[in-house]
């Protein structure tokens, strides 16, 4: 089985081997400010994912207020959750241009604005725009940087750090549900959304905590890469400043010329600014504006080149077959986790288990065990003798088995056991950033993980309506679990097949070369 990205023959380069001068280890790696990053990501998961898990409270208020169908009203919540994940690739472009900190702060403002504007909604369609789109895009702009920053600050304990930060989803589900219930009861749903918008401004504080990691080392590393030999130029995705030579992206030499001209413009502006102290204030103000625009132009063009090369260049992320298989898996996986939350209450009614379920709801069992699953799987994956990839696959096999067997359980105890296993095995969500980083490297984690959560978003957006359509056709909930489970199994098979193909191809090439 796959253990690291070297095993699948997909070389993104090794940053530690580039250049002659060794870079001193940063004290904030796996310690120091890294734990503040974990805290920031934990709070982001509470405020974003926790709030989205508690939207059922507001959904009931919207049904009563606007008197629309359940299907139409449910699209408000689905849009918000789906767009949060679907915008991932575009948020990767913002991160390449502005960095994680600025992207998260802008997203926090946009998310809060979406909540506040939704308090003045006159119909459901208004909520589509304000809450579904505006708040959803803002959530995505905070969520992706929160995951990426944890991956950048941790090396030895990445899985544990991601596990601890993502437990905020479970805690947030409890906290935000109780908070929204209280606010809606005391102040009404409109004032509740206004207050929640004010609370969401704390996302800007979380974004401010996302301090960039050793920017001086990054600059010196870029300089070393450019002065290296032509052999290192083939590793186009291992360094963000190198671009592809022929496939739609500027080659390295034009990029140098372009940067040189940009630097000349900035230098000329600085010299003019220093030599023009006797000039009027208006001309100095104009020069400062020109300098700012020039710097912004350089940043935007560099960020877009990195983003474009990651998706569409010769060394695109899509040339990694295992990563493509990972995307296919993500398209089927998330809906299999969401569907039990939707259909479990109806299954409980069907088997006359409502009295027992009211004492301790099955969905609460999933949520509680899910928290422990993320932490425990993270600790296991960080053990030196354990492969993160193998833990990830075992958790997936356990989850798909539970999804397929859940309709066969007809007592509360057996359903509770299956739900506990679903909650624990779904803790692999905390391993997804770790597996993605192993596949593509830290430098491309933002763009790569953006694609993965985009696939998850499509699954979350289309999965529940698809399950509802199956129920309308068959009038049974069983088929929703069986079909989603089988599709999920197809995604897992893709993950198993591709590493074997990747290992087999280099062997075949070497045999052909030997024969020649």
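A Cβ is built for glycine as well, from the same backbone N, Cα and C atoms used for every other residue.
Note: TrEMBL annotation is automatic and uncurated.
It should be emphasised that the depicted structure is a prediction, and the values quoted were computed from it without experimental measurement.
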10-32, 33-55 - the one TrEMBL records as transmembrane segment: 33-55
Outside the transmembrane segment (389-409), six or more residues from its ends: residues with CB under 8 Å to it: 1-3, 329, 333, 336-337, 339-340, 347, 373, 377, 380-381, 415, 417-419, 421-422, 424-428, 431-432, 435, 438, 477-478, 481-482, 484-486, 488-489, 492, 495-496
The transmembrane segment (160-180) and the transmembrane segment (479-501) contact flag, 3+ Cβ pairs under 8 angstroms: no
Stretch contact, the transmembrane segment (192-214) with the transmembrane segment (127-148), Cβ-Cβ under 8 Å, 3+ pairs: yes
Stretch in 33-55, 322-344, 359-377 most in contact with the transmembrane segment (448-467), if contact is a CB pair under 8 A: 322-344
Distant-in-sequence neighbours of the transmembrane segment (33-55), which means Cβ under 8 A and at least six residues beyond its ends: 76-77, 80-81, 84, 104, 111, 139, 142-143, 146-147, 149-150, 153-154, 161, 164-177, 179-180, 196, 199-200, 202-203, 206-207, 209-211, 367
PLDDT averaged over the residues of the domain 'Major facilitator superfamily (MFS) profile' (37-503): 77
Tertiary contacts of the transmembrane segment (359-377), as residues 6+ beyond its ends and Cβ separation under 8 Å: 53, 159-160, 162-164, 166-167, 169-171, 173-174, 340-341, 344-345, 348, 391, 395, 415-416, 419-420, 422-431
